[in-house]
Amino acid sequence: MGDVKNFLYAWCGKRKMTPSYEIRAVGNKNRQKFMCEVRVEGYNYTGMGNSTNKKDAQSNAARDFVNYLVRINELKSEEVPAVGVAPPTPSATDSSDTTAEDGGVPGNLGGPLPPHLTLQAENNSGGGGSGYVPTWDRGANLKDYYSRKEEQEVQATLESEEVDLNAGLHGNWTLENAKARLNQYFQKEKIQGEYKYTQVGPDHNRSFIAEMTIYIKQIGRRIFAREHGSNKKLAAQSCALSLVRQLYHLGVIEPYSGLTKKKEGETVEPYKVNLSQDLEHQLQNIVQELNLEIVPIPEDPSVPVALNLGKLAQFEPSQRQNPVGVVPWSPPQSNWNPWTSSNIDEGPLAYATPEQISMDLKNELMYQLEQDRDLQAVLQERELLPVKKFESEILEAISQNPVVIIRGATGCGKTTQVPQFILDDCIQNDRAAECNIVVTQPRRISAVSVAERVAYERGEEPGKSCGYSVRFESILPRPHASIMFCTVGVLLRKLEAGIRGISHVIVDEIHERDINTDFLLVVLRDVVQAYPEVRIVLMSATIDTSMFCEYFFNCPIIEVYGRTFPVQEYFLEDCIQMTHFVPPPKDKKKKDKDDDGGEDDDANCNLICGDEYGAETRISMAQLNEKETPFELIEALLLYIETLNVPGAVLVFLPGWNLIYTMQKHLEMNPHFGSHRYQILPLHSQIPREEQRKVFDPVPSGVTKIILSTNIAETSITINDVVYVIDSCKQKVKLFTAHNNMTNYATVWASKTNLEQRKGRAGRVRPGFCFHLCSRARFERLETHMTPEMFRTPLHEIALSIKLLRLGGIGQFLAKAIEPPPLDAVIEAEHTLRELDALDANDELTPLGRILAKLPIEPRFGKMMIMGCIFYVGDAICTISAATCFPEPFISEGKRLGYIHRNFAGNRFSDHVALLSVFQAWDDARMGGEEAEIRFCEHKRLNMATLRMTWEAKVQLKEILINSGFPEECLLTQVFTNTGPDNNLDVVISLLAFGVYPNVCYHKEKRKILTTEGRNALIHKSSVNCPFSSQDMKYPSPFFVFGEKIRTRAISAKGMTLVTPLQLLLFASKKVQSDGQLVLVDDWIRLQISHEAAACITALRAAMEALVVEVTKQPGIISQLDPVNERMLNTIRQISRPSAAGINLMIGTTRYGDGPRPPKMARYDNGSGYRRGGSSYSGGGYGLGGYGTGGYGGGGGYGGRGGYSGGGYGGGSNSFRGSYVGGGGGVGGGGGGFRGLSRGGYRGMSGGDYRGESGGGYRGSGGFQRGGGRGGYGGGYFGQGRGGGGY
């Protein structure tokens, strides 16, 4: 194989060029591979190869590049050394050959040149379609913006009016001054600007969306803004702000030059920080050791000084990439597996020719068609699908055009059949080795269920000619002549290796317009211009596809007619009339203050009812609140359906998991629907696959299946036995407002397109019925389409993907989107990534940015996880990060959590610690098998599905970090205690403060808190910190960090964790100033702390950031840090202790005294405590050998014999980590250290190990959390026998 490398060198040498090879190791130490990329100047292609050794990886990369040169006619195939793989001859045709004869062969990867390719001369060998940009650059003229960018250096922090975290980026235009400037602009340009308002959410949680599009004649294009606010005024202000900021970045208007008159929020009293002398000395010493210069005390207190140090270490700026990149594509090749993105270096396929592969696969298929009776029966079923009549037309269009759109009604069979038409056509025409098809689906359940269906139709199990790949689960098909179904997100992650070895990309459900699909369409549009031989098939429901057709150069559209059976649809007034429904009397229960509705000035369409309906119907309809989902009416419809005596499943569309769960419980409580005659199944993306699968299973005769689903069942998945659809006409969307970092989950009206899709789900087996729970008048007012997700979500993650795939500038790339996002959102994303050190001075990915781009999590959490690895608490940080992707695991009857859930927080006053404790306890419980896991979740009222999904996500995050080179030791699972001192947990909370910044708040009284700049908010009712009643609460520290701000009628903070002021100074602040007496954090928190101490802590943050820079360049150094960095980490551990700031967490243990005593725990096996012997929550009660006798330090205390610090956490060796390894009794309990090799260590060999065999150890006698007798945590689960307490 080495010959091909020399061949490429020689070929380049003749042209005075040198191929440039870049090799990197991928995978972890145990199964390391080498990835090689080769580039040649002047060619917009990257050759790629990989192997278990560097030499073969280089040869494979050279081979890939040489095959590319053959495809573009720079080389003849017979000139290439023939070892290994010869490029497939049919696909090696000249890409510029326009002869009709070549194009006439179905599926030939040449074909006549489409008109758009005449534009390619401008694109410099197809670099991403800049020639076509004017048509689609609908957003902003980014060239002007980027050319002036250097002059307008951004100001990171600013003092602005309403909470505005980033006005300095946008010419200091804020909520307060933008609307007036927009009006001036309208007057000057004689524009009639009108806001279009939409109301979202129910009355008690109502908010508004304002949107506007304006034409800017100076630059000859339109700009668009769509923003959200809790009332019309705020929504309009936010919309005006987005428009003005875009005008500023386009150079149409000036920056704001007036003073931003600070609208004073509530002031926070100065907080006295009690710092010990010892810690101050320690801080000064470490700062000296690190050679950090701290800012001296200001001479004049009226002129405060900034304490923040600049960056101490920066990533070397990498070379700027070509202005426009394109994802590399190559046709299928014999020794390349496209599904694993790796070369096949071993086995028969490594040396098989394309002709051999094609012949073998054709023979296999022909034999199967002749011999398999079941397959013949399935083929007859397939013949009946409407799409079958269009097979030859579809194949002809795909053969002749790089892009084809197929539009077909729900259930016509396009999703399952089109990929099979292409595959079978290739196999039967001896071109099997040239065919690999990837099909994207918007959701995991659709990818898996469609793959399983296609495998069944082919008489196979998944993994042969058909497979799937979704997050957490893959069954990959064979490397040639196969179909892979995957989610769009999975395909985007695969693009890093290019679209290599794939002949056809099919994008299903393009009308959904999620951010990933829109992103993929931009990538594919560029790919198809650079590589016209690739085939792109876009599939959509029966909606207007003209926008997609125009976007893809007026490509052909094939219309597939024929839904199986007609569906009769009814609206709210019809439903009320046919069921004689009378709404129950309204609940007079007083609403909580923050849930109060206000004046509703949006028309109530339930008051509009045609004359053809009776008076009773009109009265009943007027009594129903449009914004709420009427459960009683759904019940009435279910009873009505029963009277029709037409068997079939009922599919009920509801917005969001909460309503599905509540509706399921509501129906199950009803003796009629809770009986064996009904099977009620939830369907939601967050429930496990095995639960999701149940909806496809047939039910016995006489049983009615009721499926309660979100819009997941709207597209792709087809549940064959559905005859009835009850449609709430709503859906839940996440709205994000960048200028104040506010998230809002709003229930909004679905679009007409959504309703059409939902209706189509009925009528698969017989004529169907669809009941829309909105009035005809409301239906007329619905939007035709939903707003694209790209307009209502932060763009940080997509921006990282653009850089990872080398697609050029973030803004320039997004300007090519089918509907580009507003320019101000793009600039926000770039700024955030620069601040995180993910982008360097040339706006290219840094080593840190490269890792963040690979983590499927918010970039800030990604950096927090890397810091967690440095402190050896990576596992806990991964758990918390994973948990943020899913709903809380608590099943709560009311809005507030009960004691059974609050107790998981121990005395840490933290929702995040509660999540960590729940996860830890569940992980322990499931060691006893599935039954123990189920019992534990039922007893603790926890959602087992959520916990399992969190585990999957955590494992995935850890694997990515390990594959990036982080040592496995820094990601080992640890046990935390939430009721006593635990320095590792202190560090986790410090890092969490970094991860959720700028979400910091200060507790005032009861539920009231102040957020950034002293704005009022409330503690969210689902928090462990939410008081039970109006009684006031005192917390050990008034400072909290929180996960997100949720806008209901008031603003509330969700996911709260108590922190100390030192943790804020260290990790949750951007601007720290001192006047010598007081320290001001982010312009609103005032701390009484010595200037020197504050300056030292702030300097440590800079030193920590510098360490992150070094670690991300070479993650392996974590296990061998130099002594100075070790001491710095130890100092940060000290600062993270609550006691370092004079805070005693023990004070608050009776904070829940305004309610009943916590219930006693039920027995599990022996004993009765939740954790080991005794009768209460903490083994022997809070008094007996728990907290009391022996206490933290003495015998029989908290940590087992010898107590928490007898023999000690630090005992034995000289540094922090020394205690893990040795010393008389560390965390591991009696004798032996955390990982001591004798007597009861964490993984001790003799006196009881991790799962102690012979008494003791982590869960054995005298183990981590218990003094005396046998049975530690599991008391017998893993110790000897099942004695002495435990579950």
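Heads up, the Cβ atoms here are built off N, Cα and C, so glycines get one too.
Over in Swiss-Prot, the protein carries these features:
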type	residues	note
BINDING	Thr415, Glu509	Mn(2+) binding site
DOMAIN	177-249	domain 'DRBM 2'
MOD_RES	Ser125	phosphoserine
MOD_RES	Lys143	N6-methyllysine
MOD_RES	Lys143	N6-acetyllysine
MOD_RES	Lys196	N6-acetyllysine
MOD_RES	Ser318	phosphoserine
MOD_RES	Ser446	phosphoserine
MOD_RES	Ser503	phosphoserine
MOD_RES	Lys1021	N6-acetyllysine
MOD_RES	Arg1172	omega-N-methylarginine
MOD_RES	Arg1235	asymmetric dimethylarginine
MOD_RES	Arg1251	asymmetric dimethylarginine
MOD_RES	Arg1266	asymmetric dimethylarginine
REGION	1147-1276	region 'NTD region'
REGION	1148-1287	region 'RGG'
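Ranking the modified residues Lys196, Lys1021 by the number of CB atoms within 10 A of their own CB puts Lys1021 at the top.
When the Cα of Lys1021 (N6-acetyllysine) is compared against those of the recorded positions Lys196, Ser318, Glu509, the shortest separation belongs to Lys196. With the fewest other C-beta atoms within 10 Å around its C-beta, Ser318 stands out among the recorded positions Ser318, Thr415, Ser446, Ser503. For the recorded site, Thr415 (Mn(2+) binding site), the DSSP three-state label reads helix.
Residues of the domain 'DRBM 2' (177-249) grouped by DSSP class, helix first, strand second and coil last, total 34 helix, 24 strand, 15 coil. Rounded to a whole number, the distance between the Cα atoms of Ser446 (phosphoserine) and Thr415 (Mn(2+) binding site) is 10 Å. Here the candidates are the modified residues Lys196, Ser318, Ser446, Ser503. The one whose C-alpha lies nearest to that of Glu509 (Mn(2+) binding site) is Ser446. Ranked by CA distance from Ser318 (phosphoserine), the modified residues Lys196, Ser446, Ser503 have Ser503 at the top as the closest. For Glu509 (Mn(2+) binding site), the Cβ neighbour count at a 10 Å cut-off comes to 23, with all displayed protein chains included. Here the region 'RGG' (1148-1287) returns a mean pLDDT of 35 for the predicted model.
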